[in-house]
Amino acid sequence: MNEVKHDIKALSLEALMALINSYGQPAFRAKQIFHWIYAHGVTDFAQMKNLSASFQTLLSQHFTVSSIQPHADTVSHEITPEQTVKFLFRLSDEQSIESVFIPSDSTSRNTLCISSQVGCAFACKFCATGYMGFIRNLTIGEILDQVLWVNRWLGDQRGGKITNVVFMGMGEPLANFDNCLAAIRILTNPDYAFQISTRKITVSTVGFIPGIQRLIDTGINCKLAISLHSAHQAIREELIPIAKEYSLATLKAILTRYNQAYKQPITFEYSLIHKINDSEQDAILLSKFCKGINCKINLIDYNSVDNIDYLPSPEGHKQAFIRKCIEHGLTVTVRKSRGADIQAACGQLAIQHVHGKKFSKIQTSRHST
């Protein structure tokens, strides 16, 4: 029986150094391997010219350099009119994840939205991924491979490379903290080809308090986005079940500490859902919650998901909500929904490609406007 090969990028530098020592090689070989992968983008041990042929062979017998591949049985990237691109990747265990490339209309900024888990344990009611349940965490290598693969594609197809990374794909990144942190450290390492500053990395969380505290403790000054979606406790509990464990008051307290540690605004993501969270009273509650927090509001046009009984807010409701927020001193941006037509926008990561799971129509409550 052939030995199952593992992705060498799943190892931290320290773990790889220990492994290299166990092979009777000097520990600095680990740094050479990392340099080949992350500075030069090689995908084969045979390309690592300063390693002996025998050592290259030994590594190739036990490890691979790349752990993801685009799906062969589906369109791995589909071009929309705005040139948003969805990538569907197959992992070594036949699970699937998605990444979304979002170019800027007016600048050279190239943003990649990446996944951190297969599925998600937090079961947000408006999100297709939440109905998958949690399958597993992504490894360090699987997280980084999304950036490596799209960088190669981008260089071949359009020129340039990824400049911004947002952990807003499948999964809760702060529930896969160690692997996401290790990936961020590599993405921001000036010795490697990514050369992405921490200010251009955004970690989005549903409000997982232990993870936010760990993020504060690390000193990693990346941007923080909170999937808030309501400042009404009962409504937020309906939308985001973890809110039953971590209340809005608890969330506000930890975000105040985050503001004290990092002098940059927190982004509150707010999907406007008709008759759920889009009334003027909802806007007033949002402004009260935000008082005392250095923050901005990113309003999102809700993208309808098959079999989930939520609807996007009508334009009139949206504009009234925005006006009320501005009246109360909030900084508001509206995220252009780019990629909904290819099931790539928030909440649209294609559940059917992950493990063929279907879910029945979800009934949701309605709140008066």
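A Cβ is built for glycine as well, from the same backbone N, Cα and C atoms used for every other residue.
For the S-adenosyl-L-methionine site, Swiss-Prot lists Gly171, Glu172, Ser227, Leu228, His229, Asn303; matching the candidates Ser204, Ser247, Ser287, Ser313 against that entry yields Ser204. Counting other Cβ atoms within 10 Å of each Cβ, the recorded positions Glu98, Ser204, Ser227 show the lowest value at Ser204. Taking Cα separation as the measure, Cys120 ([4Fe-4S] cluster binding site) is nearest to Gly171 of the recorded positions Glu98, Cys113, Gly171, Ser204, His229. Considering only the recorded positions Cys113, Leu228, His229, Asn303, the Cβ with the fewest other Cβ atoms within 10 Å is that of Asn303. Checking each of the binding-site residues Cys124, Gly171, Leu228, Asn303 against Cys113 (disulfide bond) by C-alpha distance, the shortest gap belongs to Gly171.
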